[in-house]
Amino acid sequence: MTGNTSPRADDGSTAAENADAALTTRPDGGSVTASGNRRWSRSGRAFSTLLGRPIVAGVVAVVTAFLTVPVLVAFVSSFAESGSGVLPTGFVTFDHWRKVLGFGEYGVRKNAIPGLTYSLLIATGGMVLNVVIGVPVAYALARYDFYARDWVNTFAILPLVPGLILGIAFVQTYPQHGRSALGLLAGYCLLKSPYMVLTVQSSFQSMDLVRLEESARSLGASWPRTFLTVVVPHAKRGIIAGAIITWTLAAAEFNFTHMVASGSPDPFAMFLYDNIANNALYLQSAAAVSVYFLIVAGAIISLQLLGKRGFSTAHQ
Amino acid sequence: MSVRKSATASVRRIATLASTTARPTTERERERRRIVVLCLPFFALAVVAGFVPLAMLVRISLAEDTIWMEGWSLEAWETLATTPAYRRVAWNTLWFVGLATGVSVALGVAVAHALEKYDLPAERIVVAAVSFPIALPGIVVAYLITVLLGRQGLVTNAIAVATGQGAHGLASATAITGLFLGYVYSLLPRATMVLRGTYAEVNEQAEEAARALGASRWETFYHVTLPEIRPGIAAAAILTFRSGLAIFGTVLILQSHQVVTLQIHNEISVGSYAPDVAAAIGLVYVVFIVAFTFVGLRFVDDDAVEV
């Protein structure tokens, strides 16, 4: 509000009366001019009041369409026979899915199942490691106030080193093990740990940790026992949500994998890359990408069952 | 003399701190031990998988022989400082990511505003649609852009049919506009998520008061809502900008703009193999991201931070 809303009515009724007359004397002796009245009622006719809402709603509609339409088109056209023309035609065929997943005698594409299994296993390993390293640090940050807490916080919740750089450095530092499953696992864990820490932290922040801990301690539990059997189970939902998020993100992590992966078996991200980089197989890429969509959709549904609003680390 | 004395004193103090932390006698020392134990696993991993490789990157950038990591030379840094092409890459990255951040945050404000204030018909779907792309890696985003704007793309073919032109000439997925949309696709959901958190805390009474006192919707937004969400906008811009700098998969597929990640990738590709230069660029890039994030976040509230 700026300062120029001077002609103010004392109550609603005078405002309504004033609006009718060009120059009216107010009960308190002041007078209101016609131009003042116009200012007073202008908000009802202001451009933003009339059109603001439709414009913003239109922007939201366009944004939603921009974000969802390609996903839906890719998914639908993975079942189509032909992708040329405005809309894909010739439904329903499972050829592309079969080719992509390596069933059938096409020979061009490798069997994707080993790569997918391999990636999902590594993602699971990274997820378990993330629980082990993420939950304690999230508890320390939520419960205690200590020297350099802000620094630890920033390190723990911000993915400061991009995956590409980490991948390059990783391979050079650990030439023997860098390209192994262990290397991928450690990298995924470090790259995705902020999601775990943030999710668990926001779950801890909604609890009265001091009281919880003191009750358990006064009933005779040692501190490790308190932490493991009282505090951690209380944050169960946050931990599960964080686990789902880190797992899904690690399953298709590309930037790090591209630098580190050695090829046998090919991680899922490399399988996606091989399919996408090859433009000629447009519909086959659609099927490959759709495999990952299904994984993400499953993750989002599980997250919503846990009461989270999709891929967000915030506590609701 | 006094320097040495204070140095001994501080060494002794650290030693005492370490020994009391390891073998605590008071409750305060026990608490300190707990904090150390809780933070230890994370930092063990961060050192092994993060700091040691980064230190190795410094060594690579200074190595004379990059295959055996022998000798010292500043050649890579000299190349980096004297070649104008690298300055152009830096400029390319900054303006491109900056513009994508601006657009994403502006659209994010609109989406967060609508989700918080309006009764949208399919709010759950909008929320799901906006959060879904956070899970998509850059290569998938690149593919989705070709689904819209590639040669066989939906929009391309629709325009081709409407105007009677050939689809080949209209495809813009591998033009810079297609890449820009790819960046917005990745960044918009992140910006929106941060802003939704901020919007949840906006004081609605102040807005209602402004409206009741005769402010139009725009005036209310500009003078009441905007000052309240400004920290959230700053946080969203910082986090979006640094996510944008880290994008690699999208640009690797679409290849239409030489940004820093693509340059690093090219430096270690067969044909132009220069790992020392790649390491030097990588270090500048990481230092910039870390400095930018730390400096930026000093000015905003920590609670607004989400990834």
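Heads up, residue numbers simply count up from 1 along the chain you see.
Note: Cβ is positioned from N, Cα and C throughout, glycine not excepted.
Those TrEMBL annotations? Automatic predictions, nothing curated.
TrEMBL lists A:116-304 with the feature domain 'ABC transmembrane type-1'.
Marked as region 'Disordered' by TrEMBL: A:1-38.
For the transmembrane segment (A:55-80), same-chain residues at least 6 beyond its ends with a Cβ under 8 Å from one of its own Cβ atoms are 88-94, 96-97, 283, 286-287, 289-290, 293. As annotated by TrEMBL, transmembrane segment applies to A:55-80 (among others).
Note on the transmembrane segment (A:118-142): residues 149, 152-153, 156, 181, 184-186, 188-189, 192-193, 196-198, 200-201, 204-205, 209, 227, 231-232, 235, 239, 242-243, 246-248, 250-252, 265-269 of its chain, located 6 or more positions outside it, place their CB under 8 angstroms from a CB of the stretch. TrEMBL lists A:118-142 (among others) with the feature transmembrane segment.
Feature annotation from TrEMBL assigns transmembrane segment to A:154-174 (among others).
Long-range contacts of the transmembrane segment (A:180-198) within the same chain: residues 118, 121-123, 125-126, 129-131, 133-135, 137-138, 141, 156-159, 163, 166-167, 170-171, 174, 242-243, 245-246, 249-250, 253, 256-257, 260-262, 267, 313, each at least 6 residues beyond the stretch ends and with a Cβ under 8 Å from a Cβ of the stretch. The transmembrane segment feature in TrEMBL is assigned to A:180-198 (among others).
What TrEMBL lists as transmembrane segment is A:239-261 (among others).
Taken from TrEMBL, the feature transmembrane segment applies to A:281-306 (among others). Proximity of distant same-chain residues to the transmembrane segment (A:281-306), defined by a Cβ-Cβ separation under 8 Å and at least 6 residues beyond the stretch ends, is recorded for 71, 74-75, 77-78, 80, 82-83, 88, 96-97, 99-101, 109, 112, 116, 237, 240-241, 244-245, 247-248, 251-252, 268, 271-272, 275.
If you look at the transmembrane segment (A:239-261), the same-chain residues 6 or more away from its ends with a CB under 8 A from one of its CBs are 119-120, 122-124, 126-127, 130-131, 134-135, 162-164, 166-168, 170-171, 178-179, 183-184, 187-189, 191-193, 195-200, 203, 232, 267-270, 272-273, 292, 295-296, 299, 302-303, 306, 308, 311, 313.
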